[in-house]
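Written below as C-alpha cells is the structure these notes are about.
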Amino acid sequence: MEKIITFIKVKLIELAGIVTIFSGLAYFISLTTYSANNISYVFPSDKNTHNKFFSFFYYISDFFLQAFGILAFLIFLNLIIWGGYLILKKRIENFSIKLLFLILSIIFGALFFSINIDQSFWLPDNGFGGFVANFISEKLNIKNNSFGTYLSVV
C-alpha cells in the first residue's frame, strides 16, 4: 500500500511540473503578444479577443507588466525552471523560500529599472519599473537616475 501511495505522490508531482511548465509557456505567449493599445482586455467590448484560451493569461500579463514592468518576464522563467525541477527531481523543496526570493528580486529589479531606465515605448504608463517600483522610489525619494543612489538604498 505504501508503494502505491508513493507512486501516486510522484505522479502528482510530475503532473504539477507539467502544468507549471504549460502555464509558464502560456504566460510567456501572452507577455510577448501584449499590446498596450489593445483596450479590449481592460474595457469590455463586443470585439473578440485574439484567443479565448489565453484571455486569462492576457489579464495576468497586463497586471504584472503594469505592476513590475519588464521584470514580469522573470516570473515566466521561474515557472519554467520550477516545473522542470518538479519533473526531474520529483520532490518539492523550499517552496516558500523560493517564492520569497522571487518576490524580492522582482521588487528590487523593478526598482532598479524604475530609477535608471524609466523610458519605455512598449510600457508607456508606468515604464520598465512598473507602478510598484514607481511608488517605492517616490516614497524613498530616489528618483534621480543614479546607480549609486540605488546601491545606497540596498
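Cβ coordinates come from backbone N, Cα and C, glycine included.
What TrEMBL says about this protein:
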| type | residues | note |
| --- | --- | --- |
| TRANSMEM | 12-36 | transmembrane segment |
| DOMAIN | 14-151 | domain 'DNA translocase FtsK 4TM region' |
| TRANSMEM | 56-87 | transmembrane segment |
| TRANSMEM | 99-117 | transmembrane segment |
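Across the domain 'DNA translocase FtsK 4TM region' (14-151), mean pLDDT in this model comes to 77. Counting same-chain residues at least six beyond the ends of the transmembrane segment (56-87), those with a Cβ under 8 angstroms from any Cβ of the stretch are 13-14, 16-31, 34, 41-42, 49, 98, 102, 105-107, 109-110, 113-114, 120, 123, 125-133.
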